[in-house]
Structure formats: structure tokens, C-alpha cells
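This report refers to the structure that appears directly beneath it.
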Amino acid sequence: MVNQILFLGLVVALTCSIAFAFEPKPLQDFCVSDTSSSARVNGLVCKDPKLAQANDFFFSGLHLTGNTSNPVGSKVTPVTASQIPGLNTLGISIVRLDYAPWGVNPPHTHPRATEILTVLEGALHVGFVTSNPDNRLITKVLQKGDVFVFPVGLVHYQQNVGNRNAVAIAALSSQNPGVITIANAVFGSNPPISAEVLTKAFQVDKSVVDWVQSKF
Ligand SMILES: *[C@@H]1O[C@H](CO)[C@@H](O)[C@H](O)[C@H]1NC(C)=O
């Protein structure tokens with residue numbers, strides 16, 4: 001009997017900790033963000049639900065090809081709570097990804113979201129790396145119609161492995177997933193991380209650090 005109570009307690013504790021690790025579920029039908037409010041809350045302030053309009057839940061533009069004329073050869077078009085005010089508190093968002101031939105969506109992480117990606121056109125080599133100490137790289141080549149998951153918080157990337165443009169759509173489990181692009185955060189921070197720190201972290205000469213920092 002005591003064992004059963006202990007076991008039940010453990011299950012309840014575990015369930016609660018899992019629930020708390022994710023965004024809280026909404027306590028109302030919706031919370032269309034009030035962009036005119038200056039109040040600071042965890043998320044965005046709701047406007048009066050009586051004033052909500054269809055356009056608060058609407059975005060048009062994911063049919064448009066992103067401009068991939070940039071050094072990495074890819075473009076992300078986000079549709080998060082910033083683009084759709086009605087997404088606020090709902091724990092979901094979507095992005096369109098365009099890739100030039102051999103273009104890369106460089107290693108990055110979403111601190112608040114798992115991502116599920118579907119290839120619409122072309123072929124992508126995708127991968128993510130598990131956390132320390134294993135840092136195991138899990139990769140796959142995807143074709144049109146294939147779906148792949150990037151677990152929350154893990155560093156991941158995609159590369160177009162073809163001589164034509166590629167397109168993907170990805171859904172994310174947060175209305176505000178956040179993006180940390182590793183190279184930009186580490187070598188392009190403002191102000192820069194000191195070269196002393198980066199030379200030790202990457203085990204390279206200062207000239208290498210200076211050179212990489214100059215790229216960002
Ligand atoms: C795409 O971006 C490049 C670089 O910023 C720019 O020169 C070019 O005009 C853009 N093309 C279109 C169609 O907007």
C-alpha cells in the first residue's frame with residue numbers, strides 16, 4: 001500500500017513537472033495581442049475579446065518565394081504571434097523556408113519550440129545534435145513530402161542538396177519560438193565576446209577568431 005502511494009506520488013510529480021516545462025494552456029478562448037499596450041507580461045497583453053476581428057487570426061503571403069540572395073542561400077518567412085496577433089498564448093506557429101541550390105539554413109536553436117518540417121519542393125539534408133556529453137548528430141536526406149522533427153532546444157540545420165530551389169513549411173510548438181543562430185550569437189554578438197574567451201572555447205588562434213568575427 002505504501003509502495004502504491006509512493007508510486008502514485010511519483011507519477012503525479014512527474015506529470016506536473018512535464019506540464020510546467022511547456023507553455024501554460026490558455027485560460028480563455030483566445031488572447032489577441034494588444035500592440036498598443038505598454039504593459040510587460042510573460043507573452044503579450046490581450047485586447048478586449050469583443051474587439052477581435054477575423055484579420056487578427058489571418059496572414060497572407062506564404063505563397064511568396066523568400067529572397068535567398070544572401071551569404072547562406074536561404075530565407076525564413078516567419079508567421080508567429082508577431083505576424084498574427086491572435087496566435088498569442090496558443091502555443092503554435094508556422095514558417096516558410098526557401099533554399100537556393102545548395103543553400104543552408106545554418107545551425108540554430110529554438111529555445112521554446114519543437115519544430116516539425118515538411119518538404120514541399122526539392123531535397124534537403126537535415127540534422128540535429130543531441131545535448132552534452134554525447135553531441136550525437138542525427139541526420140537524414142528528405143524528399144518532397146517527407147516530414148522531420150527537430151526536438152525543442154536542440155541545435156539543427158537544413159541544406160538544399162540539389163541544383164534547384166527547395167521549399168519547406170515548418171510548424172513550431174510556440175507562438176514565439178525564438179531563434180538563436182549559433183554563429184551569429186557566438187561570433188556576432190554586440191558587443192563581441194572577448195577573443196580570449198573564444199580562442200579557448202574553440203581552441204584556435206586569435207587571428208582565426210578575429211577573422212570569423214569579421215564575417216558577422
Ligand atoms: C534580394 O536580395 C538582394 C540582396 O539584398 C537584393 O539585391 C535583391 O534586389 C533582392 N531581390 C528581390 C527580388 O527583392
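Glycine is no exception: its Cβ is also placed from the backbone N, Cα and C atoms.
Owing to the predicted nature of the structure, the values given are computational and were not obtained by experimental measurement.
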Record TrEMBL, residue Cys31, disulfide partner from Cys16, Cys46: Cys46
TrEMBL annotation, Mn(2+) site containing His108, His110, Glu115 - matching residue among His125, His156: His156
For the domain 'Cupin type-1' (60-210), mean pLDDT (0 to 100): 97
Number of Cβ atoms other than its own within 10 Å, given for Glu115 (oxalate binding site): 22
Candidate nearest Cys31 (disulfide bond) in space, where candidates are the binding-site residues Asn105, His108, Glu115, His156 and distance is Cα-Cα: Glu115
Lowest local Cβ density among Cys31, Cys46, which the record lists as disulfide-bonded residues, within 10 Å: Cys46
Shell list (Mn(2+); ref centroid = CB of His108, His110, Glu115, His156; cutoff 8 A): Thr109, Ala113, Phe128, Phe150, Leu154, Val155, Pro177, Val179
